[in-house]
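Participant: One structure coming up, written as structure tokens, with questions to follow.
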Amino acid sequence: MEESNIPKVYDPQSFEKKWYKYWEEKNLFHAEVEADKKPYSIVIPPPNVTGQLHMGHALDNTLQDILIRWRRMQGYNTLWMPGCDHAGIATQAKVEEALRKEGKSRHDLGRDKFLERVWDWKNQFGSHITMQLRSLGSSCDWERERFTMDEGCSKAVREVFVSLYNKGLIYQGTRITNWCPRCSTALSDIEVDHETEAGHFYHLRYQVEDTAEYVQIATTRPETMFGDTGVAVHPEDDRYKHLIGKTLILPLVGRKIPVFADEYVDPDFGTGAVKVTPAHDPNDFDMGQRHGLEQIVVLNNDATMASNTGKYAGMDRYECRKQLIADLKEQGFLIKIEDHEHAVGHCSRCHTTVEPLVSKQWFVKMESLAKPAIEAVKSGDIQFVPERFTKIYTNWLENIRDWCISRQLWWGHRIPAWYCDDCGQTSVVGEDLTTCPKCGSTHLHQDEDVLDTWFSSGLWPFETMGWPDKTPELKQFYPTSVLVTGYDIIFFWVARMVMMGLEFGKDIPFKHVFIHGLVRDSQGRKMSKSLGNGIDPVEVIDKYGADTLRFMLITGNTPGNDMRFYWERVESARNFANKLWNASRFMLMNLEGFDKSFVPEKSDYTLADQWILSRYAKTVQEVTNNLEKFELGEAGRTIYEFIWNEFCDWYIELSKARLYDTEAVRARQTAQYVLGYVLEHTLRLLHPFMPFITEEIWQHIPHEGESVMVSPWPADEMSKIDDAAETNMTAIMETIKSIRNMRAEVKAVPSKKSAVVLHFASETLQTVFASNQGYLTVLASAQPITLESLAEGKPENAMTAVVNGVEIYLPLKGLIDVEKETARLNKELDLLDNEIKRVTGKLSNVGFIGKAPAELVEKEREKQKGFEEKRSAVQERLVYLATL
RNA sequence: GGGGUUAUAGCUCAGUUGGUUAGAGUGCUUCGUUGACAUCGAAGAGGUCACAGAUUCGAAUUCUGUUAAUCCCA
């Protein structure tokens, strides 16, 4: 039989690990392909393999786990596919940092040895984050765990690369890209964060050849001057029209560059004359293409000045700027320096200022891939939750530019391109190449670069299911049901998965995209390492339990919005767990004599039983509806309120009399039954949110089955809804509150009971109260209780309150404080007057009567009646008081 | 420059197709512990729903504008 002596206080440490192990041992997370079962699948947003769990992960995975556990209980064949991302730059940087501590660089080791080190690192620390996900309770199918660098994913990546290349959608080109001097690699456009910085406008003097005239050029980056190959002006700019076609002399350098006209130039910006450096600025690059200008690269990959910059060669870019300005000033080329705010690009990984740089890179042509991806969302095949993110997504895709996918790193999927040293042929093939298909030479070398990490992440929904093979997994679980992720990676990841999914998975990768916000600190700042304001979710789990963290994360916010982390909110969630814990304890302590086979007859149910069962049934409906709408926070709040405000605050109290009376066996058994039914079913409702505590309690109380996590989700409880019981119980509860209120007003001694007289408007209500008056005694300290009809004379020396259909009198032994009582009733009168004024105004408005739904008008009429009845009772009382 | 989000109780936030006496948690005040829980219970104070218009019989909720905060894109 069940154990009844469970600890007095909720102690998550004592059972969380145990249950996770139990679920894994019973293999409850695992999904087999079962063609006849309805599938529900989610692929995890793969965390960085060497990373550690932060609040964002905790939120993201809690949301996924709730959906997965809920659908699993609903009977779906449920797959949550876990895995990690190899995270090119981040992981490589970590290993390089470790090497640096040994005084080495990756170049000292060489590519192969370095990669061995990375794999060692991955094997050593790679399971760290998945262990942390387990401690959160994530019910992932660990048997299927994947890694973006594993064999299957590598195969998929090659397949996709070769296919896109053969379709002409991948090409190699010498173009301007963003270069991070610290990471020493090219970046895609979205890996650059633009920030407004305070900088300067340097006004320089460029002399017109063979004249005394000069053109004033304003630049924010004078050091790129060495790469200038022209100066552009707007064709309609009268100030410069006469110079178009003329030649300028580059200061200090003496090189000759042309003046040309281009619509791009904004005559109102700066001086209206722009120095053009095609190798170091994207706009200048475009102008250079239009006008056939030479590209002169003047910066090295580490952001020092190139050898073609004379005495500045080797200097850091900023050091050079300083020196150069000094030199220009000295030689009279500097006109002035103005303060100027401008947007500067930073590496999203390391925050170093990026350099736009011309280099040879691989690109994906986006236009034809983006089109169907836009269409899939516009047509509603893929739906964003909340809907507003649709616009963000489509706007980005509609203005998309080609995607630079090559990275000058070692850790990642190496580009499957081979170059023939003899004939120069480039071959892109799926298998490692040893002979040149063109000339048969064996002198080949593979492209040194690796692919952008997001290239393989983009294949995640289908590469994890065995693509390119036609696996049963793909057939059953692709497309996945929903993707859960933060709004910060819609471009990086979501959009790319949609494009790749449509192109290669031959279908959308997921039906819904459920977007959440960021978890910020209590001041609303982003949690970050540099600020040191991050809260470690593992610390919260250790101190308060995973259930507490989960519940805290999903309540008190709405989908798509950021939230703040407060320890007070953690405590509040913990208190809720403790409340549930103790409610269960209460039940276990009163289980003696429990008969599993006992089922009450309809006539056995008390009003309180009918009420809580009805409330429970409505809770099931509401929670299920909210989950279907992805309103997980609302769903959680609904269960919270049911458990705390209805089940604990009222039903448990109402059940006590029957439980303590061991003589009336049948009544006691009915109470045990209802208590057990509601608690056991409520635990199921709560299980997706708080898996551990619900399992721990569920296993203690009477139950069927091996785990609450695979017990059926409550459904079809409609027959339990009983509106009459709810109305009657509400009247009793309102009456109890009124009596408590009055007792508090007169500072009644808590241990002493008060006599109460109740007058009823209807006989039915009087009967209901007659058979339930014990509740008033226990919960409102009312005794003796006199029940009379409204027609009876009113008690004279008494306090008064009115609830719908009931007038409540609290006769006082001594004289009542006429002044205080009058003030209290006058306040009540004011309140009622306001309400009556409002309702009457509404009801005398012909527009309202005519246009509002009849049901609503009727409701307002009833309200009016209720308010007026109360008012006259209060008024009558005031008249009486005035006579004293 | 373009776009998004937010503005409701001291604080953090709910309020989902327009109709509630505008809610919760936390904090605050008063009272309460021999039988689930002080990680608790009871009672209470606290809001011109940012501002100005518009639509409507009716607006915290829809629309427009203003202000402030914040984010994304360029």
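Glycine is treated like the rest: Cβ placed from N, Cα and C.
Since the structure is predicted, the reported quantities are computational estimates derived from the model, not experimental observations.
So TrEMBL says this about it:
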| type | residues | note |
| --- | --- | --- |
| BINDING | A:LYS529 | ATP binding site |
| COILED | A:815-877 | coiled coil |
| DOMAIN | A:18-564 | domain 'Aminoacyl-tRNA synthetase class Ia' |
| DOMAIN | A:609-756 | domain 'Methionyl/Valyl/Leucyl/Isoleucyl-tRNA synthetase anticodon-binding' |
| DOMAIN | A:817-881 | domain 'Valyl-tRNA synthetase tRNA-binding arm' |
| MOTIF | A:47-57 | motif ''HIGH' region' |
| MOTIF | A:526-530 | motif ''KMSKS' region' |
Participant: For A:LYS529 (ATP binding site), what is the tally of other C-beta atoms lying within 10 angstroms of its C-beta?
Facilitator: 8
Participant: Please give the sequence-distant neighbours of the motif ''KMSKS' region' (A:526-530): residues at least 6 beyond its ends with Cβ less than 8 Å from one of its Cβ atoms.
Facilitator: 54-55, 518-520, 565
Participant: Could you pull out which residues elsewhere in the chain have a CB under 8 Å from any CB of the motif ''HIGH' region' (A:47-57), counting only those six or more residues past its ends?
Facilitator: 84-87, 90-91, 94, 121-122, 125-126, 128-129, 132-133, 136, 147, 486, 518-519, 527, 534-538, 553, 565
Participant: According to DSSP, does A:LYS529 (ATP binding site) sit in a helix, a strand, or coil?
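Facilitator: In the DSSP reduction, A:LYS529 (ATP binding site) maps to coil.
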Participant: Restricting to the domain 'Methionyl/Valyl/Leucyl/Isoleucyl-tRNA synthetase anticodon-binding' (A:609-756), what is the model's mean pLDDT?
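Facilitator: It averages 93.
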